[in-house]
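Chemist: Mind having a look at this structure? Questions to follow.
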Amino acid sequence: MKTQMNIRSLINRDNNIVQLLVMTVLIFAVMTALSPDKFLRYYNFESITYIFPELGLLSIAMMIAMLTGGIDLSVVGVANLSGILAGVLFHKMAGAAGIADAGILTVLLGGVIALGTGLAAGTVNGLLITRLGITPILATLGTGQVFTGLAIVLTGGPAIVGFPTAWAFLGNGKILGLATPFVLFAVIAVLIAFVLSRTALGINLMLIGTNPKAALFAGLKRERMVLYSYMLTGVLASVAGIILSGRTNAAKSDYGTSYLLQAVLIAVLGGTNPAGGRGTVLGITIAVAALMLLSSGFQILRFSNHLIDFIWGAFLLLVIAINAYKNRTR
Amino acid sequence: MALLRRSETVIAGILLLAMVLIGTINPAFWQLDNLFSLMRSNVIIGIMAMGVLLVLISGGIDVSFPAFAVAAMYLTIKGMLALGYNGVVLPLLAATLMGLAFGAVNGFFVYKFRMIPLIVTLGTSAMVRGFLLGVVGTSMININKMPTALIDFARTDVVSVTKADGTTYGLTAMVLIYLGLALAMHLVLRYTMIGRSAYALGGDPEAARRAGFDLRKTIFFIYCVAGALAGFAGLLHSGMIWLANPRDFVGLELDVIAAVVLGGASIFGGRGSVLGTMLGVFMLVMVKNSLIIMRVDTTWQLVVVGLIVIAATALSAWRDRRRAA
């Protein structure tokens, strides 16, 4: 009885979630109908659980930046730079034993460096936006370029290949039969959902995004909250970078460039208002799942990656149109 | 005094200072052929910057124009090859119109759905590039297949000089096209109703609407012109480099936006001038090209451009805030 009430209140609170679920089921059904023997294989879903977390974390990061009406175009740059810095460290510290057998301390240090990179990058973004008053679009466009540029300077262009086994476990291992990145994603998603809905930071961010002026008059520390939100965004991006470098056993300055568009698309699709004030982790999660099903389905149908890019773009515009239409009738 | 306070004067001053600095580090900078090649590199970015300037003035942003440019270029050349047509005017017109049509899609979404221009143009950009590479093709069209008329046209020089060793170099006539388009844009922005309405829209959309500006017409005009200029520049570019590459112009949006912001256009809309933009374009191109003659490793290019964007936007944000205060 009680759970029923909860579901009802969930539906009432946000029918966007219901709409998303319907869409996901629809995509699932269509893809199943188009190629039932290949799409429904266990292997297909398992591989989705490995790829999904990177994009999911970047999308959550994008959503947090959008909560205050901003955007973070540097997430992919931060992710790659984090992976590369950790990779450089591993190559420097690798002794005669080789990189693969690097000790747990080395791996931990690598993790600290990667996360620290994300935190530092997010802090730079946040300070540029709050202290210098640069619009988030241009600030993060610029820093994204700097981060990618530093990644090129560090590697000279080619990928850094070879990560410790323990590091790779984060990207392609298994915990209790589930993909490690997926478990990581689940833990982080719950954590972020909690932060956004139950802590002062989350509530403040929503209020600032809904009405910046009112938030200012109500005495909210806007600058500090926005700074924190970009720091959080940076850290999430670096976690995505860790998973990406662990999964592919390599780090490169131009990995995952198409993730940027996809993260924006997922954030918007997941019910985030790019003008600020609205966005949920649950919405993002369902949206990522839906789009992962979509793109794996198209891959099975042997669509080229370029065509899938085309479809993502078209989907984004379609979602914009639908959202605008919905808001008008309301 | 009023002249000193204009942002164009400030940019010109910084530009001169940078030129002296680069020239001191490597005197080769002042050689005529280096200066000519600098001006040549200005043309394509400059033409695109005129469109981006218009968009920024109206308070929007456009990241789709490189995709439009490459699509218009590649489709036009593919079409020319398919039809066996060899010419200059009609293809340029076709590329321009194609860009315009793409731009109209941006305008439609920005106006009709009141969506943030960044997100709309990210979407159209992905669609156009995805379509081009996924459906039209991924192979480059090399010099041996490129329409000769286009190459000959883009090869025209205004002046040409013969060096002591017998090689010749010259200033490309494409600079004149750039200057002509810039002048046209200047006149439109200064003296026409549609140009003024772009400023009004960027200053305050609601005020512009109440003052009786037709926002629909203005928004469509802005994005169509930005697309058209991109399409035109795209085809011109392939004539100048004798190559049609469907993967060209990746990441160019940042360079162009950086140049326009560097030229004093406000990121909040309502401010910006053609002269400032031209100076900004020159500055950006000069710094990028001079990294090589200053013996800086080319891997640093992205970092430098990124830092320029940040510095320029920080300065303009600081200026705008001070003005508002």
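Every residue number used here counts from 1 along the chain in the order it is shown.
Here the Cβ of each residue, glycine as well, is placed from N, Cα and C on the backbone.
TrEMBL annotations: computationally assigned, not manually curated.
Annotations per TrEMBL:
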type: TRANSMEM; residues: B:9-29; note: transmembrane segment
type: TRANSMEM; residues: B:63-83; note: transmembrane segment
type: TRANSMEM; residues: B:89-111; note: transmembrane segment
type: TRANSMEM; residues: B:118-141; note: transmembrane segment
type: TRANSMEM; residues: B:169-189; note: transmembrane segment
type: TRANSMEM; residues: B:219-243; note: transmembrane segment
type: TRANSMEM; residues: B:249-268; note: transmembrane segment
type: TRANSMEM; residues: B:275-294; note: transmembrane segment
type: TRANSMEM; residues: B:300-318; note: transmembrane segment
Chemist: Take the C-beta pairs under 8 A between the transmembrane segment (B:63-83) and each of B:89-111, B:118-141, B:169-189, B:300-318. Which stretch has the highest count?
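Modeler: By the under-8 Å Cβ criterion, the transmembrane segment (B:63-83) pairs most with B:118-141.
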Chemist: Answer yes if the transmembrane segment (B:300-318) and the transmembrane segment (B:169-189) have at least three CB pairs under 8 Å among residue pairs 6 or more apart in sequence, and no otherwise.
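Modeler: With fewer than 3 qualifying Cβ pairs, these stretches do not touch.
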Chemist: At a threshold of under 8 Å on Cβ distances, which of B:89-111, B:169-189, B:219-243, B:249-268 pairs most often with the transmembrane segment (B:9-29)?
Modeler: B:249-268
Chemist: Ranking B:89-111, B:118-141, B:169-189, B:219-243, B:249-268 by the number of C-beta pairs under 8 Å to the transmembrane segment (B:275-294), which range is first?
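Modeler: By the under-8 Å Cβ criterion, the transmembrane segment (B:275-294) pairs most with B:249-268.
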Chemist: If I count Cβ-Cβ pairs under 8 A between the transmembrane segment (B:89-111) and each of B:118-141, B:219-243, B:249-268, which range comes out on top?
Modeler: B:219-243
Chemist: Go through the chain and flag residues at least 6 beyond the ends of the transmembrane segment (B:219-243) whose CB is under 8 A from any CB in it; none is fine as an answer.
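Modeler: Sequence-remote neighbours of the transmembrane segment (B:219-243) are 40, 43-44, 47-48, 50-52, 54-55, 58, 60, 62, 64-66, 68-73, 76-77, 91-92, 95-104, 106-108, 110-111, 140-143, 146, 150-151, 153-154, 172, 174, 177, 181, 194, 198, 201, 249.
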